[in-house]
Amino acid sequence: MAIPKLQAYALPESHDIPQNKVDWAFEPQRAALLIHDMQDYFVSFWGENCPMMEQVIANIAALRDYCKQHNIPVYYTAQPKEQSDEDRALLNDMWGPGLTRSPEQQKVVDRLTPDADDTVLVKWRYSAFHRSPLEQMLKESGRNQLIITGVYAHIGCMTTATDAFMRDIKPFMVADALADFSRDEHLMSLKYVAGRSGRVVMTEELLPAPIPASKAALREVILPLLDESDEPFDDDNLIDYGLDSVRMMALAARWRKVHGDIDFVMLAKNPTIDAWWKLLSREVK
């Protein structure tokens, strides 16, 4: 009845993306980001320090950072810690008391904590649209594309994508920014959405050109990722200015598309703008 303990698996890669029936172009000025149910409770079923979930969180963080930089609204769904039997209704039959048994795990995972200008929607059923103002908020802001990330791919994420489609909102399911009970169920959800209700993409498809054109451009990429109000010098340690490991992993994933040897360890070894520009400005081989 309850969610079982979950095992990590290989996240989908570009060659795993099913044939999309639609070829919708991603339009940032028409899009919104949904971070679906990334609460401690739902993520905890993979255990602590799960590399797969670290990558999923890093990919979501990269998308969120991009959205913040481009004035794309960010929405979260989160189940409440208190849910009456009337509110849960048939969910009790299918999943038992769920999160209500572990109210201390209700918050969104630390590395994706919502900002004050984000919208957190109370989640009551599989679809993020059920008993929520999401459709109205999207349409009032002129948004008709929804980037879907989070857990679980074949339950709430797939249902939300299909519900969005039926409301004339174009869903973009981000294959490597989702997680599921198993790889088979993850891939099933992608196949369904690609063929029935949306477009399936990889994180990298929604992000801009991966390599900054200059050291100044690199600085513009880095500054929004820092917690400190003071700007670092080019040789300052960026970790001292609040750059965390999740954002560093996301940067490594983006830059590795051009320089295949770049990884988290390489960036963390010398986390300065000078050192990173030296890595990025190398001739591509």
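In case you wondered, yes, glycine gets a Cβ from its N, Cα and C as well.
Note on the region 'Isochorismatase' (2-213): mean pLDDT across this stretch is 93. Here Swiss-Prot flags 2-213 as region 'Isochorismatase', drawing on an author's statement.
Marked as domain 'Carrier' by Swiss-Prot: 209-284.
Feature annotation from Swiss-Prot assigns Mg(2+) binding site to Asp227, Gly242, Asp244. Reduced to three states, the DSSP call for Asp244 (Mg(2+) binding site) is coil. Neighbour list (Asp244 (Mg(2+) binding site), Cβ cut-off 8 Å, at least 6 residues apart, same chain): Arg111.
The 10 Å shell around the Cβ of Ser245 (O-(pantetheine 4'-phosphoryl)serine) contains 15 further Cβ atoms across the protein chains shown. For Ser245, the entry in Swiss-Prot reads O-(pantetheine 4'-phosphoryl)serine, with the evidence type experimental evidence.
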Ser245 (O-(pantetheine 4'-phosphoryl)serine) and Asp227 (Mg(2+) binding site), distance between Cα atoms, whole Å: 13
